[in-house]
Amino acid sequence: MLSTPPFGILGILNSLLLLLAPMITFQRVIRKRSTEKISGIPYVISLFNCLFSMWYSLPFVSPNNMLVTIIGASGTSIQATYVLIFLIFAPSWKEKAKISGILFLLFLIFSTVALVSIFALHGYKRMLFCGLVSAIVGISMYGSPLTIMRLVIKTKSVEYMPLFLSIFAFTCSITWLVYGLLGADPFIYVPNVVGALLGLVQLILYAVYRDIKREVKKEAVDESVKMELENPNEEKIADTQIPMQFFSHHNGQILN
């Protein structure tokens, strides 16, 4: 148990890096005053994961989990900010209504869990009930990258799966996994087993498809050089047309 606080602090640092990673995305949203094609659902799920984790770690539910309470409260505030920004700059009322509906439903579930745990359950039963709900929500959140992983496999591109974000997700799960194991808390370490495994798979996919991407680029460069050697005059003519095409697109819709 003496090793638990250091791992908890390391978990807090990793979690904060993971939580703050979307800041760049939302700075662009504010600048462009539109969420464009960004989905708000992952941020709503993450918000409620933090909320349920914070509730489970409160002293009257699960004692000696103050570090989890700290990161749960921080995560709830950060994710709530992202969701609010999304609702303000969502491009259509339909999208705003969808996210608002999901928010209402999840708040209703959370309120039900909170009221039941306070008035109907006590002691170990309260901890068991809240822990199970928190673990289920956590596993649901960790399962969200499956869509991105499928996209990576389908497109053979890691463009939509940034390396540093995958590393942060993996290390965050590992540190909280160790924290949960040292504290003998299955409601903390079980969801993070799932998170660690999925994080590892993401890193493996990145390693595999990064190499494929390099090979494709190399083949494209080799083909370009070959064409230039075989048809130098045609290549020069094509080169003279590039600036006009670029400026044409620049004044159009590509670089809006």
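Cβ coordinates come from backbone N, Cα and C, glycine included.
What TrEMBL annotates here:
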- 6-26: transmembrane segment (TRANSMEM)
- 38-58: transmembrane segment (TRANSMEM)
- 70-90: transmembrane segment (TRANSMEM)
- 102-120: transmembrane segment (TRANSMEM)
- 126-148: transmembrane segment (TRANSMEM)
- 160-182: transmembrane segment (TRANSMEM)
- 188-209: transmembrane segment (TRANSMEM)
Practice problem: Quickly jot the same-chain residues contacting the transmembrane segment (6-26) by Cβ under 8 Å, restricted to those at least six beyond its ends, or write none. | Solution: 38, 43, 67-68, 70-71, 74-75, 78-79, 82, 85-86, 164-165, 168-169, 171-172, 175-176, 178-179, 182
Quiz item: Hey, which bits of the same chain come close to the transmembrane segment (38-58), Cβ under 8 Å, at least six residues off its ends?
Solution: 22, 25, 29, 65-66, 68-69, 71-76, 78-80, 82-83, 86-87, 90, 95, 99, 102-103, 106, 109-110, 113-114, 117, 127, 130-131, 133-134, 137-138, 140-141, 144, 187
Quiz prompt | Intrachain neighbours beyond the transmembrane segment (102-120), with Cβ under 8 angstroms and 6 or more residues off its ends | solution = 41, 44, 48, 51-52, 55, 61, 83, 126, 129-130, 133
